[in-house]
Amino acid sequence: MASRGGGEYSIDPSKVKVSAKCLGRGGFGEVFVGSYGGEDVAVKVLHSEMAGVEEEWSKEVEVMAALRHPRILRMFGACFVPKQRMIISELMPKGDLSSLLRSSSARDLPWSIKLQIAFDIAAGLSYLHGKHILHRDLKSLNILLDDRLRAKVSDFGLTKIKTCSMASTTIHKGGAVGTVLWMAPELFGRKVKYSEASDVYAFGMICLELMTHKYPFEDDLEGRDVNAVVPQWVTQGERPDVPDGADIPSFFKKIMQDCWSANVGDRPTMSVIEKELEGKHHTEEVKRQRQAVKREQRHESAQQAGASEALSAILLQAVDQRAGNKSKGNAGVETQFMQSLQVSEKVGDKKEGQFRLVTDSRRQALQ
């Protein structure tokens, strides 16, 4: 889809249509719905601060656009024209993970889907690390979702350029969330050295978000300067509280806490985490379905118990009526019998034996 000229993935801006629909704003720029090559795409219009780093930016774009993995956001190319600097990538209709977890529908999000999302992120990062590519800015806002809520990792690669050309992002009350909440303790020292383990730490924070539907340290940050307190907490060994929800898989908590280790060497690799999570969402879905069946069985049992009581009451009433006033005939009892039949039919096949017993008793009562 991209044309040559300034690099294999350089795109002519005249071939890109950008709509007024803004999907979001971030540290690099604003993202809009657009069209390119006859299909809907996401167009990231970059900030003017990116000027002056075109050569490095061009190299990073070529690396990112050449990547092919189902859990990595597909980049088609970029426009390098001044005042028209754009990145064109595939459109992810369900937006970012952060927005999903803070939506009203998040309450009904089953763990099978959460574990699938975690696995998708791990698989994407494992692929990047296998290519010796660091993300450096991993957070829930950079995880995008498709129509089936399958996750893809985005916004990697350009973070190296961002640190050279722009100030680091911060968190503002009611505003954007900065990367500091997901940053590993080794990144706050004088000699900052990003590594695969830094991405692993950030992944652990995303695991926390999947549990709590909140940002890391969110409950402790009101009225505080995030960029001042979080580095201090993290370097002193503080970590967010671990939730106690009974529905949270214990193995998932362990993965999260292993990712938080202060010692870089004690953190698992993303390939290990990927293997740990592989297939777990299927297991969790089976567990969820079994629980649903048990709930339904309990509900049916309650209904059956209620039906049994109703049948007994009708039988006793019929017997009393026959014993008390045979001269009125059996019409009223027959009506009650039909009512008991309808009740029994609702109960289903499991009550068939009991219904026959009641029917035999009713025949005796009518004789």
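Each residue, glycine too, has its Cβ placed from N, Cα and C.
Using a 10 Å radius centred on the Cβ of K44 (ATP binding site) and all shown protein chains, the other Cβ atoms total 23. What TrEMBL lists as ATP binding site is K44.
As annotated by TrEMBL, compositional bias 'Basic and acidic residues' applies to 279-301 (among others).
Annotation comment: TrEMBL describes 346-367 (among others) as compositional bias 'Basic and acidic residues'.
The domain 'Protein kinase' annotation in TrEMBL covers 17-284.
What TrEMBL records for 279-306 (among others) is region 'Disordered'.
Annotation source TrEMBL lists region 'Disordered' at 344-367 (among others).
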What DSSP gives for K44 (ATP binding site), in three states, is strand
